[in-house]
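Here is what Swiss-Prot records for this protein:
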SITE      8  site 'Transition state stabilizer'
BINDING   40, 41, 62, 153  substrate binding site
SITE      212  site 'Transition state stabilizer'
């Protein structure tokens with residue numbers, strides 16, 4: 001059991017996770033070293049609304065001035081992270097919640113002054129993750145990072161990709177509420193960058209699936225070898241250790 005698997009669960013999925021999801025994590029943990037990265041978009045939006053703070057996004061990234069960063073940190077590092085940790089432990093999966101600023105886990109470079117405290121992963125302190133895993137804990141990571149003693153918001157997809165690349169993970173699994181990419185009603189089991197571009201152009205991939213495949217493509221560019229888009233509300237694991245869903249790699253034809 002030497003290979004790492006990184007599981008990214010978006011904020012919109014956290015309230016949909018059921019016993020099947022946690023059973024899948026148990027099965028993955030029997031064969032791999034598992035790290036979980038979560039988002040928290042809907043809860044952040046709700047809290048900002050409660051605080052009468054405007055929600056603004058540019059090119060898929062949350063505009064994060066200081067007052068927004070305070071809320072992001074409170075939600076991601078607090079309630080969202082701890083709910084997921086407690087849910088894992090309710091299902092007999094030992095977990096430790098931490099953020100990217102704990103132990104300098106995720107160091108970042110600012111994306112742009114125009115969008116405030118938003119960073120891209122520049123360094124991952126993998127020793128911390130490996131230490132937790134060696135003690136049989138699942139690290140559950142809130143996607144904030146640190147630069148020059150300031151905390152930055154990180155897009156959860158890019159945080160997960162950065163961690164997967166740093167760990168040379170065998171796979172990055174993106175948890176969604178659909179079975180994967182569908183073409184003419186059938187699941188596309190394997191695809192690559194060029195085919196995804198064609199699918200988007202032809203309207204095969206639309207709506208909420210577009211940001212998911214864009215996250216997969218960005219992950220490939222960061223060095224992740226394989227990304228699986230799976231339905232977290234169903235059993236997405238195979239007995240062989242693979243995933244049931246759409247697998248995105250470099251230069252692979254559709255099967």
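Every residue gets a Cβ built from N, Cα and C, even glycine.
Recorded features from Swiss-Prot, shown on the structure.
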{"residue": "8", "record": "site 'Transition state stabilizer'", "contacts (Cβ under 8 Å, 6+ apart)": "36, 37, 38, 39, 156, 157, 160, 172, 173, 174, 175"}
{"residue": "40", "record": "substrate binding site", "contacts (Cβ under 8 Å, 6+ apart)": "11, 14, 72, 75, 76, 80, 142, 156"}
{"residue": "41", "record": "substrate binding site", "contacts (Cβ under 8 Å, 6+ apart)": "10, 11, 12, 62"}
{"residue": "153", "record": "substrate binding site", "contacts (Cβ under 8 Å, 6+ apart)": "62, 64, 68, 69, 72, 117, 118, 119, 143, 144"}
{"residue": "212", "record": "site 'Transition state stabilizer'", "contacts (Cβ under 8 Å, 6+ apart)": "174, 176, 229"}
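For the recorded substrate site, residues 40, 41, 62, 153 set the reference point as the centre of their Cβ atoms, and the other residues of that chain within 8 Å of it by Cβ are 11, 39, 44, 64, 72, 75, 76, 143, 155, 156. Around the Cβ of residue 62 (substrate binding site), 21 further Cβ atoms fall within 10 Å across all displayed protein chains.
Classification of residue 41 (substrate binding site) by DSSP places it within a helix. As a whole number, the greatest separation of Cα atoms within the substrate-binding residue list 40, 41, 62, 153 is 12 Å. In the three-state DSSP scheme, residue 62 (substrate binding site) is classed as strand.
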